[in-house]
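Now, the feature entries from TrEMBL:
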- Lys53, Thr141, Gly142, Ser143, Asp308: FAD binding site (BINDING)
- Gly178, Gly179, Gly180, Pro181, Val182, Gly183, Ala184, Glu185, Gly268: NAD(+) binding site (BINDING)
- Cys44-Cys49: disulfide bond (DISULFID)
- 8-322: domain 'FAD/NAD(P)-binding' (DOMAIN)
- 343-446: domain 'Pyridine nucleotide-disulphide oxidoreductase dimerisation' (DOMAIN)
Amino acid sequence: MTHTVDADLCVIGAGSGGLSVAAGAAQLGARTVLIERALMGGDCLNHGCVPSKSLLAAAAAAQAVRDAPRFGVDAGAPHVDFARVRAHVDGVIAAIAPHDSEERFTALGCRVIRAHARFTAPDTLVAGDLSVRARRFVIATGSRPALPPLPGLAERPYLTNESVFALPACPAHLLVLGGGPVGAELAQAFRRLGAAVTLLARTRLLPKEDPQLAAVVLARLRAEGVDVREGCRVERVGGAAGALVLELRDAAGATSTLTGSHLLVAVGRLPNVEDLGLEAAGITTGAGGIAVDARLRTSNRRVFAIGDVVGSYPFTHVAGYHAGIVIRNALFRLPAKVDYRAVPWATYTDPELARVGLDEAAARARHGAVRVLTWAFADNDRARAEAATAGLVKVVATPRGRLLGAAIVGRHAGELIQPWCLALARGLKVGALAGLTVPYPTLAEVNPRVAGSFYAATLFGPRMRRLVRWLARLG
Ligand SMILES: Cc1cc2nc3c(=O)[nH]c(=O)nc-3n(C[C@H](O)[C@H](O)[C@H](O)COP(=O)(O)OP(=O)(O)OC[C@H]3O[C@@H](n4cnc5c(N)ncnc54)[C@H](O)[C@@H]3O)c2cc1C
Ligand SMILES: NC(=O)c1ccc[n+]([C@@H]2O[C@H](COP(=O)([O-])OP(=O)(O)OC[C@H]3O[C@@H](n4cnc5c(N)ncnc54)[C@H](O)[C@@H]3O)[C@@H](O)[C@H]2O)c1
């Protein structure tokens with residue numbers, strides 16, 4: 001017999017978005033139900049951000065050994081013990097897991113249900129042998145890897161982000177399909193850990209990023225031995241486990257074959273909208289996932305949707321941002337709306353690539369005349385000291401200095417982008433960063449330096465020189 005649970009708020013999915021809403025709601029005293037059908041923590045903890053950044057950290061350690069002679073330190077070739085690399089990755093997940101656990105959420109006051117949830121009516125869903133009736137629902141069911149309609153793929157073993165972090169040994173030759181952030185980060189990680197890696201990008205590496213900045217990442221990957229093939233189409237997968245064969249067509253139309261031991265598919269994401277009973281709840285979907293308005297309400301006004309399942313900006317911090325919008329709408333009845341103008345993101349290759357706001361092409365398309373400011377890491381003393389001179393900061397502003405966007409490729413770009421996030425969110429002008437005093441010698445000096453270049457022509461121009469000479473004559 002189905003038992004019915006009544007709640008103020010019912011959250012489907014215990015990933016980055018769902019956990020944030022549930023934690024907030026329970027701590028605010030709302031009767032909260034949280035439903036998860038698989039692992040608590042969702043993609044970010046188990047198959048996404050956490051294992052990928054942990055693997056990249058191990059890879060960076062191996063690379064530091066290779067780079068040591070540059071500093072006069074000879075450490076030989078790194079010996080990578082992949083079982084211990086895996087133990088590091090698993091250990092990081094295990095250390096974070098209690099924070100996302102059923103126990104913690106139960107202690108916070110949530111009723112946690114471990115089952116698949118499916119709506120049966122606009123205000124009711126079933127999960128296992130329970131029926132949940134709630135005043136408000138939040139769908140936070142996330143996304144899964146998209147699979148290209150490639151002949152031969154379904155019949156062959158392939159990896160996705162859901163299986164790649166569980167590999168028992170480093171692949172001999174990893175073929176990476178897709179040149180987005182997943183493909184780029186994992187190609188570099190596995191190359192540094194000892195695999196031969198070929199990355200096949202349909203257009204170019206990191207096609208959503210400014211080409212000038214993406215080129216810096218591309219150059220580094222190639223310098224480290226990743227065989228990056230841009231403008232390359234995979235037409236068929238053949239061979240067998242351990243010796244997979246890809247049939248390729250390059251930009252000029254020439255065909256060839258490529259053999260590798262493993263294939264990682266990283267060609268984008270699909271929203272988890274299937275088998276949710278969306279029709280029974282009167283919830284519509286669009287091209288990217290569940291359709292929502294600016295308050296993240298679905299076509300059923302008592303149901304919100306957040307995170308990857310709405311298909312806007314598939315990042316953990318955006319899922320968390322969505323959670324805050326929903327709390328204000330659902331619990332405080334405030335008409336809070338999303339504003340994506342200051343949403344940053346970073347790709348954690350080495351060098352990292354981070355951005356916020358409009359890139360140069362989008363700024364020109366929207367504003368016509370814009371000022372583009374650049375500053376090279378090669379001109380930064382700390383970057384020189386650390387031999388990390390490959391990098392660039394690029395800022396786009398209106399001719400009057402209103403900030404439109406910033407992007408950084410270089411060491412710690414994900415950290416260095418943060419003042420630009422604040423400036424954009426608060427509507428500050430480029431001058432606000434130009435006047436900033438930061439410690440010397442830090443990489444962070446690139447920010448005031450690039451901002452200061454906005455004024456260089458005026459400051460050191462003939463009019464100012466005439467003024468200074470005139471003032472000097474006054475005695
Ligand atoms: C390899 C990789 C690396 C990444 N790295 C980063 C990064 O560095 N930084 C960053 O910001 N983002 C990163 N991301 C993206 C990030 O992981 C996602 O944006 C984030 O996890 C989305 O959170 P979510 O809550 O929307 O979904 P998820 O975290 O996927 O959670 C959804 C949950 O819902 C559950 N669920 C689904 N359907 C049902 C149902 N019907 N009933 C019950 N439960 C259900 C699922 O089991 C899952 O646990 C990465 C992604 C990948 C793949
Ligand atoms: N650092 C981060 O924040 C981070 C890291 C990893 C993933 N993520 C998130 O996960 C999402 C998924 O990442 P992703 O890299 O899988 O997707 P993506 O959509 O960003 O990139 C996939 C790439 O694969 C290409 N592609 C599509 N079909 C192809 C085919 N048949 N052959 C070759 N290339 C093909 C696309 O043109 C695209 O460039 C991202 O949108 C991102 O938000 C974030």
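Quick reminder: no glycine exception, Cβ is built from N, Cα and C everywhere.
Automatic prediction, not curation, is the source of TrEMBL annotations.
Here Gly180 (NAD(+) binding site) comes close to Leu206, Pro207, Lys208, Ala266, Val267, Gly268: these same-chain residues lie at least six apart in sequence, with C-beta atoms under 8 angstroms from its C-beta. For the recorded positions listed here (Cys44, Cys49, Val182, Ala184), the lowest count of other CB atoms within 10 A around the CB belongs to Cys49. Taking CA atoms as the reference points, Val182 (NAD(+) binding site) and Ser143 (FAD binding site) are 14 Å apart.
Cα to Cα, Gly178 (NAD(+) binding site) and Ser143 (FAD binding site) are separated by 17 Å. Thr141 (FAD binding site): 30 other CB atoms within 10 A of its CB, across all protein chains. All protein chains included, Asp308 (FAD binding site) registers 32 other Cβ atoms within 10 Å of its own Cβ. For Lys53 (FAD binding site), the same-chain residues 6+ apart in sequence whose C-beta sits under 8 angstroms from its C-beta are Tyr348.
Among the recorded positions Cys44, Cys49, Lys53, Thr141, Ala184, Asp308, no residue has its Cβ under 6 Å from any atom of ligand 2. Close contacts with ligand 1, defined as a Cβ under 6 Å from any of its atoms, occur at Thr141, Asp308 among the binding-site residues Thr141, Gly178, Gly180, Ala184, Asp308.
If you take the Cα of Cys44 (disulfide bond) and the Cα of Gly142 (FAD binding site), they are about 10 angstrom apart, rounded to a whole number. Once the Cα atoms of Lys53, Thr141, Gly142, Ser143, Asp308, the listed binders of FAD, are compared pairwise, the greatest separation found is 23 Å.
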